[in-house]
Amino acid sequence: MTLWRLIRIAWVVTRYRLDSLIPIERLPGYARFVMAIAPIRLFPKGDKTRGERLRLALEDLGPIFIKFGQMLSTRRDLMPPDIAVELKRLQDQVPPFPSDTARHIIEEELGAPVGELFAHFEADSMASASIAQVHAARLHTGEEVVIKVIRPGIDRVMRNDIALLYTFARVLLKIWPEARRLRPVEVVKDYESTLFDELDLQKEAANTSQLKRNFQHSPLLHVPTIYWPQTRKRVMTQERVNGVPVADTEALEAQGVDMRLLAERGVEIFFTQVFRDNFFHADMHPGNIFLDISNPSDPSYIAIDCGIVGSLTREDQDYLARNIIAFFRQDYYEVAMLHIESGWVGEHTRANEFAAAIRSVCEPILEKPLKDISFGQVLMGLFQTAQRFHMEVQPQLVLLQKTLLNIEGLGRSLYPELDLWHTAKPFLERWMHERAGPKGFWEELKRQAPDLAQRIPQLPVLAHQALSQVENERKHREQQTAALVTLQNSFSGVRKGARRIRIGLVLIAGALAWQPISQWALQQHWSILAAAGIGLALVIWR
C-alpha cells in the first residue's frame, strides 16, 4: 500500500463526490459535523446520477475496484436498485500486456519453449482483462486452442487494494453504526476469497473439467476440453470454441433461432447444475456464455470461464427446493419452518412471526402474473426478511442468488415472456420425487456403501453396547425411583412431625392463655414443667 495510491483514491472520491452516497442524517453527530465542513463539498456533483458517479469512480480506480463493483451489482440485498443496475455496466477491460511477457510466463510455467509446446502461437491477444489475457494457439496434434495467462504482478496489486478495501469497511463501521447490518468486512472477505480463486488457473481448469463431465451426455451444454499437459497455476490451455454471444439477440433472431426454447433450456441447465449435479457455474454473465446455432431449431449453450463455481450441501439442496415450492404455494408457515429447521435462522425464532414477515414481503410479488415474477427477487426477498430474524450470511446461497439473477436476466433478454416458475416447477417436483423414491434410496445407499461396509462388521459389538447401555439406563432409573420413594417418605415424616409441633405449641399456648387455668397454674410449682412435658410429648410422638 503506497501513499500515492491513497492520494489517488482520495482524489477520485472527491472528483466524483462519492460522499453523497453516505446517508449523512444517519451518522453520529461528530461525523455529521466533519462531513458538513469537509472541503469535498466544494466540488460540484454535476448532472450525473449517484450510480453513474460510483461506476465512473470504480472504472477510474482500476481493475480490482471494477471487479468489486461487479460483485456488488449482484448483491441486491446490499445495493439500492438504481446503483446495482448501474454497476452491472462496469466493463473489465484493460490494455494487454506484451506478448513477450506472456511467452515468458508460459515457458516458465510449462518448462519448455513456446515453439516446442505449440505449433502456432498468436502474438496478439484475443482478449485482455484485469486478471488474465487470452492468446490463440494450435497444438502440434492440430487442435485449435486458447491459452489463458495470468497478468504479471497482479497478485501484489490485488493484495494492496484488498487491504485498502478492508480499511474502508472498518472505517464505515465506525462512522455509520447501521453499516453493521450490511457486514462490510464480511463482504470484502467474500470478494477476497473469490478474487484469489481466479488467480489459480489449475483450479479453474479442474472446475471446467468437472462441469464438462457432468454434461458429457447432454446436448444442452458444451464445455471446452482442458489440455492438462499445457496447464499450470498461471497458464491454462483449453479447446477453442466458436459461437454467437448470448447477448447478440439480433444475430439469433436473424438466424431464426427458437428463442423460447433457448430461454427455457438455459433455465433447465441452471437447475440441473444446482440440484442434479450440486455443482454450478457461478459466473454466468453474458461474456461467458455463447450459443451454437448451427441448427436454429435445436440451439445449445457453450460455457467458458469456470473460475467461480458453487455447490450446496445435500440438506441445503432439499431445503431450497422445498422452500421454492412452498413459496409458490403461498405456504408461508412452511417456508418459515424450513428456514428454522435448516438452521438458516435461530432455532428459537417464532415461526408465526417469521411467517407473517415473509407474507408481508412476498404477497405483493405474487400478485403479479407468474411471467413477471423475478425468481431472483423472490430469493432476495426471503433472505432480506430472514436477516431481520438474524439469519447468518450463507455464502453458498449468495452465489446461488447471484447466478439465478444472471440466468433470469439472460432468459428474459432472449424471451421476455419467459415464465421461469412454469419451467422450473416440473424439474423441482421430479427431482424431489426421485430423491424420495426408490431411485433416490438406491443412490443414497450406494453413496453410503463404503461407510456401511466399514460399520457392518462392528454391528454385533455395537448391538451389545446398545443393549448394555439400555440395561444400565434401566438400572439407573430403578435406583432413581427408589431414591425418590425414600426421599418422599422422609419428607412425609418431616411434615407429620412439623404438624405435631404446631399442635403442641397451640395447646400449650391455649392452656396458658385461659385465665382460670393460668391463675391456678401460677400457684402450682409443677405447672410449667407439666405444660412443657405435654408439649414435648406431642413433638416427639410419631
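Using N, Cα and C of the backbone, Cβ positions are placed for all residues, glycine too.
Database features (TrEMBL):
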ACT_SITE  Asp283  active site, proton acceptor
BINDING   Met126, Ala127, Ser128, Ala129, Ser130, Ile131, Ala132, Gln133, Val134, Lys148  ATP binding site
DOMAIN    89-337  domain 'ABC1 atypical kinase-like'
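Shown here: features listed in TrEMBL, placed on the structure.
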residue: Met126; record: ATP binding site; Cβ contacts under 8 Å, 6 or more apart: Val134, His135, Ala136, Val146
residue: Ala132; record: ATP binding site; Cβ contacts under 8 Å, 6 or more apart: Lys148, Val149, Ile150, Arg151, Leu201
residue: Asp283; record: active site, proton acceptor; Cβ contacts under 8 Å, 6 or more apart: Asp305, Cys306, Gly307, Ile308, Thr403
Among all chains shown, work out which of the binding-site residues Ser128, Ser130 has the most CB atoms within 10 A of its CB.
-> Ser130
For the recorded ATP site, enumerate neighbouring residues of the same chain (Cβ within 8 Å of the Cβ centroid of Met126, Ala127, Ser128, Ala129, Ser130, Ile131, Ala132, Gln133, Val134, Lys148, site residues themselves excluded), in sequence order.
-> Pro96, Ser125, Val149, Arg151
Taking the domain 'ABC1 atypical kinase-like' (89-337) alone, what is its mean pLDDT?
-> 89
What's the longest C-alpha separation between any two of Met126, Ala127, Ser128, Ala129, Ser130, Ile131, Ala132, Gln133, Val134, Lys148, the listed ATP-binding residues, in angstrom?
-> 14
